[in-house]
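These notes concern the structure reproduced below.
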Amino acid sequence: MSGIDEPLYPIAVLIDELKNEDIQLRLNSIRRLSTIARALGEERTRKELIPFLSENNDDDDEVLLTMAEELGMFIPYVGGVEHAHVLLPPLEGLCSVEETCVREKAVESLCRIGSQMKESDLVESFIPLVKRLAAGEWFTARVSSCGLFHIAYPSAPEPLKNELRTIYSQLCQDDMPMVRRAAATNLGKFAATIEQPHLKTDIMSMFETLTQDDQDSVRLLAVEDCAALGKLLEPKDCVAQILPVIVNFAQDKSWRVRYMVANQLYELCEAVGPEGTRTDLVPAYVRLLRDNEAEVRIAAAGKVTKFCRILSPEIAIQHILPCVKELSSDSSQHVRSALASVIMGLAPILGKDATIEQLLPIFLSLLKDEFPDVRLNIISKLDQVNQVIGIDLLSQSLLPAIVELAEDRHWRVRLAIIEYIPLLASQLGVGFFDDKLGALCMQWLKDKVYSIRDAAANNVKRLAEEFGPTWAMEHIIPQVLDMINDPHYLYRMTILHAISLLAPVMGSEITCSKLLPVIIAASKDRVPNIKFNVAKVLQSVIPIVEQSVVENTIRPCLVELSEDPDVDVRFFANQALQATK
């Protein structure tokens with residue numbers, strides 16, 4: 001190697017590794033392109049490295065993907081914006097490869113480079129590149145070209161602008177569905193750069209072509225264009241040209257297109273404004289809520305709350321609520337689950353009376369649903385209803401169902417209830433809580449599932465914080481301490497965990513008088529797991545109690561544990577002893 005001129009060495013290594021049979025070596029060298037470019041300097045990067053990469057575009061997809069990404073950030077290495085055009089040829093080659101992710105990355109990099117290029121370079125280099133790709137023999141080039149028009153168009157002189165619009169119009173009618181799909185996907189971005197007069201004529205005729213495409217995969221992408229174009233057009237044009245398309249799409253023969261309308265409905269409503277929404281989109285939405293395809297109903301149900309926010313409560317109660325009632329007993333559990341995840345948000349929109357009359361029965365039926373996710377979605381949003389109807393009504397109507405769910409056979413439902421308990425406790429107040437929910441909180445500490453026991457220990461701590469140490473001393477501490485003698489060691493471990501969480505809340509005095517003796521007694525347990533957890537708990541208690549207690553009570557116990565036969569017990573005891581010093 002000594003014979004090779006030193007500056008040539010990096011490029012020699014790169015070329016060697018790029019031609020190496022081992023893909024990993026080729027990948028490594030491609031990832032080091034910026035390092036190599038720095039070593040070569042700007043001029044040699046332009047004259048040697050970039051031409052070499054242009055010839056090297058028949059490699060493995062992973063190598064090409066990395067190359068497409070690297071080149072997007074290469075402007076500083078070729079001498080800045082003035083020389084950015086030299087990066088276009090290798091990326092142009094990558095825009096035609098078969099692998100979609102490579103093409104997409106190449107288009108992304110071209111957009112990044114094009115957005116920084118000088119106007120004259122765009123006209124001389126970038127726009128001809130777009131035209132070459134759009135006229136490509138292989139469909140992959142034409143697909144890639146669709147993503148570049150929005151960068152090329154603003155800088156083009158008037159005759160070229162006309163030509164670019166014509167080319168895009170041809171791409172919207174291309175023989176290959178993949179090209180038409182790409183044209184539909186990028187129409188919104190292209191339209192945003194186009195002057196208002198041409199928007200109403202040229203772009204709207206392209207849009208119309210795409211909406212009548214015989215492939216549903218093209219039509220469903222045109223649904224997204226409805227929202228994008230609606231925001232660019234004046235309101236009256238939007239109602240005249242976009243609204244009829246949306247209404248037709250909502251009745252399209254392909255369920256995928258209807259699904260897309262249901263999914264994009266809120267954005268479409270924003271585009272057509274309140275008047276168009278009331279007169280045309282409410283009936284269309286009602287049809288989607290009653291669609292015969294479950295996937296469409298799922299998408300529509302998930303948008304109920306957002307849609308009703310745009311409407312007056314009267315229209316929502318008259319038109320949408322009957323559909324919501326039907327969906328709450330839908331044959332598909334996924335539809336019910338989608339509804340349950342948003343239905344609570346209807347309470348503030350409809351107001352107190354409608355919530356009590358119309359929504360509460362639906363909530364109750366969903367709370368008793370056989371599918372755990374449905375029950376879960378209702379529980380996790382109960383506070384939204386509480387703000388509207390008040391805690392008295394909520395506790396009368398929904399609390400029996402909540403108590404029932406606290407013993408649900410699905411542990412995730414039990415977990416959701418536990419996490420909701422502190423919020424419920426703060427809303428219900430201490431008296432109500434003691435009557436109905438106190439026993440449940442203790443019961444969870446002995447659940448079969450660890451996650452429930454862990455959440456229950458945290459729950460006990462949060463209740464002590466909510467209602468104060470005096471209440472906790474009367475209602476929590478005695479019951480928790482009773483459980484330390486449970487025959488099952490896993491439950492004893494949960495109690496130790498609960499004690500470690502309660503100690504900081506209860507303060508030094510109660511910790512020393514009530515909690516510490518129980519922890520010390522547990523250090524004599526026959527199960528090593530309990531003993532090393534005792535060491536951990538004692539370590540967490542040290543900052544809370546006075547130094548004399550540490551010296552007289554905690555330290556002797558830890559010394560004893562540090563001589564235990566079990567290696568883990570000794571380890572945690574010694575770790576805790578370090579903290580006593």
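Just so it is clear, glycine is given a Cβ too, placed from its N, Cα and C backbone atoms.
What TrEMBL annotates here:
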- 10-48: repeat 'HEAT' (REPEAT)
- 164-202: repeat 'HEAT' (REPEAT)
- 203-241: repeat 'HEAT' (REPEAT)
- 242-280: repeat 'HEAT' (REPEAT)
- 281-319: repeat 'HEAT' (REPEAT)
- 320-358: repeat 'HEAT' (REPEAT)
- 359-397: repeat 'HEAT' (REPEAT)
- 398-436: repeat 'HEAT' (REPEAT)
- 476-514: repeat 'HEAT' (REPEAT)
- 515-553: repeat 'HEAT' (REPEAT)
- 554-581: repeat 'HEAT' (REPEAT)
Seminar exercise, completed: Counted with DSSP (H/G/I as helix, E/B as strand, rest coil), the repeat 'HEAT' (515-553) has 29 helix, 0 strand, 10 coil
Exercise. By DSSP, how many residues in the repeat 'HEAT' (164-202) are helix, how many strand, and how many coil?
Worked result: 30 helix, 0 strand, 9 coil
Exercise. Same-chain Cβ contacts of the repeat 'HEAT' (164-202) under 8 Å, 6 or more residues past its ends?
Worked result: 127, 130-131, 134-135, 139, 142-147, 149-150, 152-154, 156, 209-210, 213, 215, 217-218, 221-222, 224-225, 227-229, 232-233, 237
